[in-house]
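A short write-up of the structure that comes next.
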Amino acid sequence: MKIVEALDAGIPGCELAAVSVRSRETAPERFAHLGRPVPVLAISELEPVADVVVECAPAALFRAIAEPVLRAGKMVVALSAGAILSNGDLVELARAAGGRIVVPTGALVGLDAVAAAAEGTIRSVRMVTRKPVRGLAGAPYLLEHGIRVEEITEPLMVFKGTARQAATGFPANLNVAVALSLAGIGPDRTELEIWADPALERNCHTIEVDADSARFSMSIENVPSENPKTGRITALSVIACLRKLAAPLRVGT
Ligand SMILES: NC(=O)C1=CN([C@@H]2O[C@H](COP(=O)(O)OP(=O)(O)OC[C@H]3O[C@@H](n4cnc5c(N)ncnc54)[C@H](OP(=O)(O)O)[C@@H]3O)[C@@H](O)[C@H]2O)C=CC1
Ligand SMILES: O=C([O-])CC(=O)C(=O)O
């Protein structure tokens, strides 16, 4: 909704062509406050009316949203970064058809520095994520391993592995790790720890990068949105990304 409202308020070079939601019956009242009425379409109807489609939906819908847009040589701004790994053929489709997948920095920080360092040699990228219990509850990895975070009273490390492993184990919780890996040294070399911390209110990410050009540490403490798994800054990152598309002055890689 934040992205829709920003587009409705005006982002130079962009015009809100349509939206798609889970339940179209309740859509008219949800969007009634917008300055201009917006068509509510099925996912399959988006491509013909848009040059850019913002994918900000559950990861399972990534292919249905992105494929027709990429096939038409258009742009997908994608938040479900983890789904890119399991749909690698869509990157090839984009290459062949002249489409583009743009992954905003999202709930993370510093992907510009990571991408710059990757032009040289990055020796290691390590990320530690600490989330409140409600930011992790229900993740497939926890269910598969019988890890009951709802009952913890102290911080618990629930996962140690690579960004690729996290993408399947935590599809709705760790897109940030995949985005980091795609900016840097890839999903198999990007190392990740995930902690559930009952004392936390925010989704906290700390990243350490060691490269031949620089060594840097970055951290961010995300205020959760209405969805406790997703930081508020995520939608703002998409808005900033859309603003950059047509901006005469573009700052940051
Ligand atoms: N790259 C990054 O840094 C980050 C990525 N993410 C990822 O971004 C994605 C979006 O996050 P978030 O907004 O919190 O997710 P939510 O699950 O809260 O929202 C998903 C949206 O998708 C819509 N939707 C669900 N099912 C359908 C459907 N069948 N057809 C059309 N629309 C549908 C919902 O509509 P409705 O409102 O009607 O329910 C809702 O607007 C997720 O994959 C999340 O994991 C999140 C945080 C950071
Ligand atoms: O990566 C994600 O899916 C969400 C996340 O960690 C955050 O918003 O802080």
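Quick reminder: no glycine exception, Cβ is built from N, Cα and C everywhere.
Copied over from TrEMBL:
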- HIS205: active site (ACT_SITE)
- ALA107, ASN175: NAD(+) binding site (BINDING)
- 3-104: domain 'Aspartate/homoserine dehydrogenase NAD-binding' (DOMAIN)
- 152-239: domain 'Aspartate dehydrogenase' (DOMAIN)
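This view paints the features noted in TrEMBL onto the structure.
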residue	record	DSSP class
ALA107	NAD(+) binding site	coil
ASN175	NAD(+) binding site	helix
HIS205	active site	strand
## Note on the structure
The rounded CA-CA distance in Å from the residue listed as 'active site' to ALA107 (NAD(+) binding site) is 9
### Nonlocal residues around ASN175 (NAD(+) binding site), in sequence order (Cβ under 8 Å, 6 or more apart)
ALA59, LEU79, SER80, ALA81, GLY82, GLY106, ALA107, ALA167
### Message
When secondary structure is assigned with DSSP, how many helix, strand and coil residues does the domain 'Aspartate dehydrogenase' (152-239) contain?
### Response
23 helix, 33 strand, 32 coil
